[in-house]
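Novice: Supplied in structure tokens, the structure appears directly below.
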Amino acid sequence: SVAAPAEETPSLGGGGSRRSNGAGQGQDSELSCLNSAQNGESSSAGGTHSNGLLASTNIGNSVGTNNGAGPGSGTSAASTASGSGLEVGSMKKKKRLSQADEDVIRLIGQHLHGLGLNQTVDLLMQESGCRLEHTSATKFRNHVMEGEWDKAENDLNELRALMHSPNAIVRMKFLLLQQKYLEYLEDGKVLEALQVLRGELTPLKYNTDRIHVLSGYLMCSHAEDLRAKAEWEGKGTNSRCRLLDKLQTYLPPSVMLPPRRLQTLLRQAVELQRDRCLYHNTKLDSSLDSVSLLLDHVCSRKQFPCYTQQILTEHCNEVWFCKFSNDGTKLATGSKDTTVIIWQVDPVSTTFILTTFHQLKLLRTLEGHAYGVSYLAWSPDDAYLIACGPDDCSELWLWNIQTGELRTKMSQSHEDSLTSVAWNPDGKRFVTGGQRGQFYQCDLDGNLLDSWEGVRVQCLWCLGDGRTVLASDTHQRIRGYNFEDLTDRNIVQEDHPIMSFTVSKNGRLALLNVATQGVHLWDLQDRVLVRKYQGVTQGFYTIHSCFGGHNEDFIASGSEDHKVYIWHRRSELPIAELTGHTRTVNCVSWNPAIPGLMASASDDGTVRVWGPAPFLDTQENCSNMDS
């Protein structure tokens, strides 16, 4: 060990309450639920099903056929119900459906209609006494899909009384006229399009900036040019469906259901379950086809990187640091034995006796670090690696990883202490410093570009803006330093020494190892302590923790009790304790490209590579902490 001086629950429903039926609740005869006596009535829209929608194979895709479930299908519905052991009279006497039941029936009906199962939808609506949407909304939908823009505009007058916001009519009319204008242009009807622009869109006095953009489309020489500049799919079903999706956002759900509402709710439920899964460590797939809706989502701990897959024993003394390269193809380890070893990560997983893992192989050894190697930093492009020593080391080494050659050996003064380093995002500069008051900015040849006097640096990090350098110091704080305008500000203040810290990829969160306290998570933007993670043993040795997993949802840290601890970022209690090391674990690094691969470095002289459970391995070396 390197001793140091003792100095979020998305809601399932998503966009709003389902009770926000607005004006629709006062018009039961026209809206969600009808009484059984109305089951046989046809819609006022010609050529529609008894559920109020046109026959279609895709929702909103108008087809002028009835699929055999027209106005007279009430009789067949009754006979079907009778054949199932139900009497028509019992349907009339049945208890009125609850609001929740009505909502579910409408959601199912919408989904079935989208699949083209229109006769099934008719029977469902008739037997339940429900209707998918208001008759005015049905007429409006059909007219939009058929491109009958004048009729669609007239439908808006009927819908006005059903809407929460009268101003929404103007927005809806603007969207209709915009589609009408673009379709005229695509058909080469420039005069008609110009009339829409001047005589209909402009008088609305709405979104004048967009009108100016639309007027520019008059100069398009052909239809392909128009579609490209307008980022528009062209006249047809697809663009009109997209238009309907936008128009539906202005209508209460009691009048017209939001598009694909059942799929939206199911997707939100899947995402919520994934979000609550302690061990979920794979890329999120928003498609419902990738999951089973018949089972709750759960990830097994055996899929998590908490089983020893490989033990690297080439170092002959304490291993103080380990770090995967930014592309995840290499691992660098630094030891008290004065060497840095570069390991190659096999990109293809190896299978051996039904055990699948990524093999690490020794690539090269970098020697000559007289004081040992306590910190390593990869350049942004992984071409270079900088190695620093412990507190009494005044030198740092900049290695070319491709050739294995030493590019720069930097030492400003024998009195210096250069124990930490961080790369500027441009890859052309780095900052370094130590607890004796040195804080330098240098180029790749070790030339001093800037210095900051009197800062006793414990750990460094360069933010993505290319200007701000974060430095923890001996005053138990992290300050932000700007080398361009020579300003600094306090960001984090702890009550105990900050032994090390690391920052998330987005620059928002900082993970601190605090002496005698453990691991703390800070929000750098709001400058607040977010969470204190429990379990780890942290004294006055320098221990390095890390973010890891997909979306950096996990946190891992070494500990003086010889274990590696893993937490879900939102949970203070560890979800796994990894055993195997026999002395203090100084550093943990999570592979940024392979979420199921992690490495830990220990005073026992080994580096352990952790991965998912082998298929036939029954020996447990990962304690389950999710209780």
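Cβ coordinates come from backbone N, Cα and C, glycine included.
What TrEMBL shows for this protein is this:
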- 28-63: compositional bias 'Polar residues' (COMPBIAS)
- 74-85: compositional bias 'Low complexity' (COMPBIAS)
- 133-192: domain 'CTLH' (DOMAIN)
- 1-94: region 'Disordered' (REGION)
- 312-346: repeat 'WD' (REPEAT)
- 366-397: repeat 'WD' (REPEAT)
- 578-610: repeat 'WD' (REPEAT)
Novice: For the repeat 'WD' (366-397), find every same-chain residue at least 6 residues outside the stretch whose CB is under 8 Å from a CB in it, and list them.
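Specialist: Beyond its ends, the repeat 'WD' (366-397) has Cβ neighbours at 2, 4-5, 317, 320-323, 325-327, 329-330, 332-342, 404, 406-423, 425-427, 430, 432, 434-435, 444, 542.
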Novice: What else in the chain is close to the repeat 'WD' (312-346), if you only count residues 6 or more beyond its ends and a Cβ gap under 8 Å?
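Specialist: Non-local partners: 1-2, 358-378, 380-382, 385, 387, 390, 399, 401, 544, 583, 586-594, 597, 599-609.
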Novice: Could you put numbers on the helix, strand and coil content of the repeat 'WD' (578-610), residue by residue per DSSP?
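Specialist: Breakdown, helix to coil: 0 helix, 16 strand, 17 coil.
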Novice: How does the domain 'CTLH' (133-192) divide up by DSSP, counting helix, then strand, then coil residues?
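Specialist: Reading the DSSP string over the domain 'CTLH' (133-192) gives 45 helix, 0 strand, 15 coil.
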Novice: Over the span of the repeat 'WD' (366-397), how high is the average pLDDT in this prediction?
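Specialist: Computed over the repeat 'WD' (366-397), the mean pLDDT is 94 on the 0 to 100 scale.
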